[in-house]
Amino acid sequence: MKARAEKIADGLYWTGVLDWDIRNYHGYTLQGTTYNAYLVFGDEGVALIDNSYPGTFQELMARMEDAFNREGREMRVDFIVQNHVERDHSGVLVELHRRFPEAEIHCTEVAVEGLLKHYPALEGTEFRTVKTGDSIDLGGRTLTFLEAPLLHWPDSMFTFLDTGILFSNDAFGQHLCYPQRLDTEIPEYILMDAAKKFYANLITPLSKLVLRKFDEVKELGLLDKIGMIAPSHGQIWTEPMKIIEAYTAWATGKVKKKVTVIYDTMHHSTAMMAHAIAEGAMSEGADVRVYYLHEDDRSEIVKDILDSHAIALGAPAIYDEPYPSVGDLLMYLRGLKFNRTGQRRAMVFGSMGGRGGATGTMQKLLADAGFDVMEADEIYYVPNNEELDACFEAGRRLAGDLNE
């Protein structure tokens, strides 16, 4: 096959893979993504930074061949940099090793075990393990490594090219699939929304590590040298401070006067309550988002929770327990640990036909997830006007608390 590499800067090409078709990746909904790989040409050596998902070797190689042809160079890779073990960035490493057997594979020490577990065919391969500050000289260009454990796997690392380009792997990524490669080539609201969704679903529990890593980068004197951030998914940041400032805001829990209302319903009673709560919150001037779990996806929901000061979560009771879709969301929220970016208020609500008690379970699970749970509003069967008025007032109180 034929495919074109995208020249990003002198001696630097994007040689990744466009996945137009993917719609779900480990529970995260998306409209396609990219698996970004980069070829760096020095006077004496060539490095490939990261690779792509299993089954995409031909597309990756076609772009690499185009880059070598345009540079007028023999197709030879001297270094393979594996910033992260996960299969969407290492999935064709075995094929690359067979194609370029002399290429040194550079990764963290923790990554070696993970790569061998994922790819037993690499058993016996000599890996070059690196630590923060280690570097490789390509001839006129130097790649320096920066360990980044748990951003977002224990094996993760960043690679810095001395011309000012940070290859950050998953950090600063977005699940977008556009033929354009740069941040400035697509609408900013689409770019930032995708980056926010990526952070909310993948980086939120690691927020304290994000801030510590920023401090480390400053101490190493690299922050002012970063002129471009090239992540492993989505667009390349040519204005890197834009995403660094956004990550700082998200990691420190900067929120808006905003209430996210989330519910599921069987016979529309809980839906009536949800809409009344939303109206109450809006009456206090809050920005409000309403999600219906029967139709809406949790990865979109948590994107709005990220910058909300409060949430309202509603479910009908089934045998005195929350509706299953709400239980699923509660487990997801517990894993994301939103309290690590500051505590958010929460209320729970729902309708019941028996003894009730589902709201008590929801309160406990939300507290376990790090939310400051205020109150529960549970009604019997269909809410009457008086009960809907009470829901409206609950929404007002929830939004009013944002002014405290």
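The backbone N, Cα and C atoms fix where each Cβ goes, and this holds for glycine too.
Worth saying up front: this structure is predicted, and the values here are computed from it rather than measured.
Annotated features in Swiss-Prot:
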type	residues	note
BINDING	His84, Glu86, His152, Asp170	Fe cation 1 binding site
BINDING	Asp88, His89, Asp170, His233	Fe cation 2 binding site
DOMAIN	259-399	domain 'Flavodoxin-like'
BINDING	265-270, 317-320, 351-356	FMN binding site
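Non-local neighbourhood of Asp88 (Fe cation 2 binding site): Tyr25, Tyr35, Ser52, Tyr53, Ser232, His233, each in the same chain, at least six residues away, with C-beta under 8 Å from its C-beta. Cα of His267 (FMN binding site) to Cα of His84 (Fe cation 1 binding site): a span of 47 Å.
Reduced to three states, the DSSP call for His89 (Fe cation 2 binding site) is helix.
Cβ proximity to the Fe cation 1 site centre (mean Cβ of His84, Glu86, His152, Asp170, cutoff 8 Å) flags the following additional same-chain residues: Asn83, Val85, His89, Leu151, Trp153, Ser156, Asn169, Ser232. Mapped onto three states, the DSSP output places Ala317 (FMN binding site) in strand. Each residue in the domain 'Flavodoxin-like' (259-399) gets a DSSP state, and the totals come to 67 helix, 39 strand, 35 coil. Ranked by Cβ neighbours within 10 A across all protein chains shown, the binding-site residues Thr265, Ser269, Ser351 are led by Ser351. A straight line from the CA of His89 (Fe cation 2 binding site) to the CA of Asp170 (Fe cation 1 binding site) spans 9 Å. All protein chains included, His233 (Fe cation 2 binding site) registers 26 other Cβ atoms within 10 Å of its own Cβ. His89 (Fe cation 2 binding site): 25 other CB atoms within 10 A of its CB, across all protein chains. Nearest in space to Ala317 (FMN binding site), taking C-alpha to C-alpha distance over the binding-site residues His84, Glu86, His152, Asp170, is His152.
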